[in-house]
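**Student:** One structure is given below, represented as structure tokens, and several questions about it will come after.
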Amino acid sequence: MALRVILLLSVGGVVGWEENKLLSVEECCNLGRATAIREHDCAAQKVLTSAMCSIIQEQCCRASAGKMACKGGIKTARGQGACERAFFTGFDWQTLISQICCDCCTLGLMVAKNGWSCDFRGLQLEKQCSDAAKSCCDQPKEIQPTVRVPEVPKIFTTTSPPLMTRSCRDANCSQLCLENGMCACRDGFQMKMDGVTCQDIDECQTGRHNCSPGQVCLNTDGSFHCKPRCGAGYVLTAENHCEDIDECAFGTHDCEANFVCLNTAGSFHCEPKNACKDGFIQDSTGSCVDINECLTRTDACQPDQFCINSEGSYTCRSSTDDCKHGYQLTPDGSRCEDVNECLTSSHNCAPGEICLNTEGSFHCQSNCAPGFHFTPENKCKDIDECALWTHNCEANFVCINTVGSYRCQPKKGCETGYVQGSAGNCIDVDECLTGNLCGSRACVNTEGSYHCECQNGFMYSRVSKKCEDIDECALWTTCGDGYILDSAGKCIDVNECVTHAHPCRPGQACINTVGSFYCRSVVASCARGYHLNADGTHCEDVDECVLHNMCGGHGSCVNTEGSYRCECQSGFTFNSISKLCEDINECRHYSGRLCAHKCENTEGSYQCSCIKGFKLAENGKNCEDVNECEASPCSQECANVYGSYQCYCRRGYELNDIDGITCEDIDECAIPNVCSYRCVNTVGGFNCTCPSSGYRLGPDGRSCQDVDECAAGTHTCSAAENCFNIHGGFRCLYFDCPPNFRRATSGSQTETSVFVRCIKSCKRHDTDCANDPVLVITSTVLSLPTLRKLEEPEDIAVLRTAAAAKADLLPDEPQVYFDIQATDEQYSFDVVKRSQHGMILGVIRQVKPILGPRELVLEVTVNYVQSGVISQQNIVIIHVYISEL
């Protein structure tokens with residue numbers, strides 16, 4: 001709301017005006033200082049009617065603005081080395097101060113450069129100039145980079161030209177020739193392959209320069225040159241050094257009206273005039289948002305700590321705070337990873353034990369003894385040699401498995417023809433010793449049996465079962481069973497075992513005898529891994545590898561005596577039950593020890609992969625952060641974070657809540673009260689406009705400031721009229737007094753109102769006029785802004801009387817009453833009686849909002865009542881102008 005004024009009335013008439021809130025000297029000065037800091041313009045300060053406060057406010061504003069202008073001049077002297085008027089902005093008195101301080105600072109810099117004393121008291125300079133000169137003289141000199149030709153390893157050094165020998169005349173060297181006729185080069189050059197021509201060494205390319213990181217190496221013929229590296233925000237001076245560009249002084253910044261430009265090294269910073277608390281920064285809408293110190297790397301965490309952002313601040317946490325025992329913080333401090341105690345030798349396993357790492361810990365496992373094998377469950381398990389047929393028990397023994405070994409136990413009983421010995425083995429029985437088994441024939445013992453043979457001249461008859469004499473004298477025309485007639489007519493034995501005329505079964509051996517044969521059981525059965533040979537006489541090894549693929553598709557079969565073994569490929573292990581080479585699931589067997597993120601088992605191997613936001617490192621196991629910003633995923637700005645990225649927008653834009661990538665224009669005009677009049681949204685910003693006449697856009701670019709046509713002399717009022725400025729225009733006012741009243745003076749006008757006081761002046765003998773209680777009629781004007789919302793009544797004027805505020809009045813003391821005789825149709829105003837400093841006041845208030853533009857008239861009466869009769873009445877007529885804004 002516009003400045004509220006108080007109309008002071010006494011019994012005799014209008015006395016004067018004053019502020020509705022009395023200010024102390026300090027408060028008046030603070031108003032001036034605030035105006036200087038906020039507006040850089042003392043003409044824009046709040047208008048006060050108190051003469052004393054106005055003087056204090058003006059002088060304090062000029063003092064603060066003068067200090068700021070002086071600082072700008074000092075900065076220009078140090079940065080530009082010149083004090084041209086074009087460098088300074090502001091009002092004439094401000095630019096004058098800036099130029100004086102710039103000149104005085106230049107004086108101090110020159111004195112310091114010559115090594116003279118910085119005591120300027122003898123010059124009797126003005127204090128502001130003396131302070132500026134001394135501050136610049138005492139300022140430490142900047143260390144400028146030096147440019148020199150560096151030393152490089154010399155290829156050849158000579159103090160005088162070598163003698164031009166005959167060989168040198170023939171050598172045709174491009175630079176130098178040695179006494180032996182060999183060509184050589186000067187410093188900064190090297191010999192080419194032809195041995196004659198010298199070429200320049202590019203010290204910048206080969207890294208043989210000594211330029212600092214802040215310099216750029218420039219190669220020259222035979223040497224190099226170090227030039228300062230001027231980045232953005234710097235300019236290279238004639239003295240060959242980089243100097244900061246003061247964007248604030250040159251006006252090349254883009255700070256908005258409600259921000260203050262602060263120059264920084266190589267850049268500038270827009271600081272809100274209404275600063276946010278520590279840990280927050282103001283966005284384009286003026287809101288304070290949290291600063292992510294961890295993302296912007298402005299935290300103060302130690303190298304062994306990692307930063308955790310919080311609202312308005314951050315915390316530094318160390319690895320001991322976050323990782324449990326058996327885990328350690330990753331180098332980037334983002335997560336805890338398992339410590340492999342077996343690799344770091346931080347375990348306590350005994351020499352006879354094996355260290356096995358586990359997630360967050362480890363355990364010690366004993367080496368498995370002979371006869372045991374290590375299982376995937378990390379246990380030593382007995383090998384069943386009997387089931388695997390890896391024992392060496394003979395055919396007549398049974399394999400019995402024991403813990404860690406096995407034993408061979410004789411079978412119960414032996415085959416016919418054998419007897420069990422003391423060692424459990426079966427021994428052949430010599431049946432020929434047990435009695436006369438063959439009668440007249442001779443008994444011949446065999447393995448597991450025996451047979452009978454006839455003596456010479458006899459042959460065995462299968463009919464009589466006896467040996468019968470052979471009649472050698474008889475003509476041999478036929479032979480008995482088991483014989484055959486030869487070419488000489490003799491009967492000779494038939495070897496049935498050779499002619500395969502015997503009925504022996506597999507597993508039996510055919511034994512030929514004279515005139516006959518017999519079958520003897522040789523092998524009852526063969527052990528696993530063996531089978532009978534074709535004639536059934538003995539067991540021979542089975543080559544399992546030729547039968548079929550015993551080991552599956554991932555191993556090689558190697559035949560062994562009585563068995564076989566599988567040699568599995570890398571990534572496979574032999575399953576003793578299935579007898580196949582099966583894939584090793586490395587991801588499950590070595591859980592958490594192979595891959596940094598995810599492990600996927602493959603046939604014969606495994607493959608590491610990373611979660612989103614990471615990529616596999618060259619070792620195929622670790623995961624490295626992906627800098628997604630290199631692919632420009634954001635529509636504007638991108639900040640890479642560990643495992644992800646964050647899009648953010650430039651001023652005037654906001655991030656889309658759905659995709660988190662697109663920057664959308666902020667419709668600042670949708671924010672209430674962004675502009676005091678109208679807001680026009682633009683891409684990335686907005687513009688405020690004002691009504692076409694009566695207003696101008698303020699320095700903040702948002703508020704519309706009233707144009708005071710009366711002060712500027714652009715009004716059209718006549719000499720007899722008073723020009724009264726209202727919001728958005730002006731009014732030409734002339735108040736005439738009614739009959740029987742005269743102007744007390746020619747009228748008065750302040751910067752906030754115009755008022756005319758009419759005092760009753762009756763003609764002689766005019767009793768009606770004399771009896772009229774109205775003594776003073778005061779006409780005045782108020783300009784009020786539009787109020788769309790009014791929370792509580794707002795004081796707009798105060799009428800002060802000369803009547804004392806007492807509880808008990810004396811008989812000659814009047815009662816004072818206030819009343820509004822005329823107002824608007826909504827009754828938007830009222831008047832209430834109050835007291836201040838022991839005096840009665842009438843306070844006129846606005847009680848309802850009013851939309852402008854609008855003009856209305858208030859008529860307020862001040863009645864002095866004695867003994868129930870109005871003894872005196874004063875009338876105040878207030879012309880109220882409600883502006884559009």
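Cβ from N, Cα, C; glycine included.
Keep in mind that what you see is a predicted model, and the values were worked out from it rather than measured.
These came from TrEMBL, pasted as-is:
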{"type": "SIGNAL", "residues": "1-16", "note": "signal peptide"}
{"type": "DOMAIN", "residues": "104-137", "note": "domain 'Anaphylatoxin-like'"}
{"type": "DOMAIN", "residues": "428-468", "note": "domain 'EGF-like'"}
{"type": "DOMAIN", "residues": "541-582", "note": "domain 'EGF-like'"}
{"type": "DOMAIN", "residues": "583-624", "note": "domain 'EGF-like'"}
{"type": "DOMAIN", "residues": "625-664", "note": "domain 'EGF-like'"}
{"type": "DOMAIN", "residues": "665-705", "note": "domain 'EGF-like'"}
{"type": "DISULFID", "residues": "Cys669-Cys679", "note": "disulfide bond"}
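Show me how these features fit into the structure around them.
**Tutor:** Assigned with DSSP, the residues of the domain 'Anaphylatoxin-like' (104-137) fall into helix, strand and coil as follows: 24 helix, 0 strand, 10 coil.
The average per-residue pLDDT of the prediction over the domain 'EGF-like' (428-468) is 77, rounded to a whole number.
In the domain 'EGF-like' (541-582), helix, strand and coil residues by DSSP number 7 helix, 20 strand, 15 coil.
Within the chain, the domain 'EGF-like' (583-624) has long-range Cβ neighbours (under 8 A, six or more residues past its boundaries) at 337-338, 340, 357, 359, 376, 554, 569-573, 642-645.
Counting every protein chain shown, the Cβ of Cys679 (disulfide bond) has 18 other Cβ atoms within 10 Å. Secondary structure at Cys679 (disulfide bond), taken from DSSP and collapsed to helix, strand or coil, is strand.
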**Student:** According to DSSP, how is the domain 'EGF-like' (665-705) divided among helix, strand and coil residues?
**Tutor:** 3 helix, 16 strand, 22 coil
**Student:** Specify the count of other C-beta atoms within 10 Å of the C-beta of Cys669 (disulfide bond).
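**Tutor:** Taking every protein chain into account, the count is 16.
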